[in-house]
Amino acid sequence: MLPTVSKTRSTLSTSRPNSMFPQYLRRIVKWQQMDIEYTFWQMLHLCTAPKVVYQHTKYHKQTKNQWARDDPAFVVICSLLLAVATIAYCAAYDHSAAHAVFVVISVLLFHFLLTGVFLATCCWFLTNAYLREEAPNSHVVEQRVEWLYAFDVHCNSFFPMFVMLYVIHYFVSPLLVAHGFIPELLSNLLFMVAASYYHYLNFLGYDVLPFLERTTFFLYPIGVIIVLSPILILSGFNPSRYFMNMYFSQRI
């Protein structure tokens with residue numbers, strides 16, 4: 001009887017995140033139910049002390065019995081900030097209102113949401129398939145990474161990268177898109193730091209889960225980035241010019 005009970009509890013625990021997802025989506029249009037102040041607190045500490053944020057994730061698990069946020073405020077505010085930053089780029093570099101609308105929509109969909117869904121799904125699959133600790137016996141309730149938590153980790157990791165590559169980059173873009181070795185060097189360094197910090201936060205997000213092992217796997221991309229950066233610099237590649245030309249080719 002005991003293994004049967006364990007399987008039942010495991011099924012309930014894995015089906016619970018699925019039942020939370022429709023509620024999560026419904027709350028997107030209900031500002032009154034969003035904790036805006038706590039969201040900005042998280043955003044600030046993700047840039048300054050990210051381990052504190054994931055310490056609070058443990059408290060969330062203890063009080064609400066789930067790792068993922070039940071509040072979509074982080075996604076909503078991050079999307080709004082990304083839209084505002086993109087509009088600022090369009091105001092400075094674009095040539096038409098219609099094209100600006102296209103740029104804003106494409107950045108929101110592809111740079112943040114669809115890319116986030118893809119990366120979260122990959123991490124969700126990898127952690128559940130290969131990084132979970134083996135249960136010591138059949139009486140222990142099986143724990144799995146919730147897909148919504150994997151998406152939370154992506155959003156957390158994306159925000160500091162947004163600050164560096166959309167906000168800071170905007171103010172120094174006249175320098176970074178110029179021709180010459182110094183702009184290429186500074187641009188590559190900025191992108192290297194932003195991408196490395198993204199993967200570091202990704203590591204912290206999964207390392208906090210007690211039922212995962214070998215989470216240092218999420219730090220490996222940082223090594224690849226560090227190796228590739230000097231190669232890109234010496235080859236004359238300027239990521240700022242590349243991405244700006246992708247959207248604003250007539251002005252860069």
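Every residue gets a Cβ built from N, Cα and C, even glycine.
A TrEMBL annotation is a machine prediction, not a hand-curated record.
Feature list (source: TrEMBL):
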TRANSMEM  73-93  transmembrane segment
TRANSMEM  100-127  transmembrane segment
TRANSMEM  175-198  transmembrane segment
TRANSMEM  218-237  transmembrane segment
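The stretch in closest packing with the transmembrane segment (175-198), judged by the count of Cβ pairs under 8 Å and taken from 73-93, 100-127, 218-237, is 218-237.
If one looks beyond the transmembrane segment (100-127) by at least 6 residues along the same chain, the residues whose Cβ comes under 8 Å of a Cβ in the stretch are 78-79, 82-83, 86-87, 89-91, 94, 145-147, 150-151, 153-155, 158, 202, 206, 209, 212, 217-218, 247. Distant neighbours of the transmembrane segment (218-237): 123, 184-185, 188-189, 192, 195-196, 199-200, 202-203, 206-207; these residues of the same chain sit at least 6 beyond its ends, with a Cβ under 8 Å from one of its Cβ atoms.
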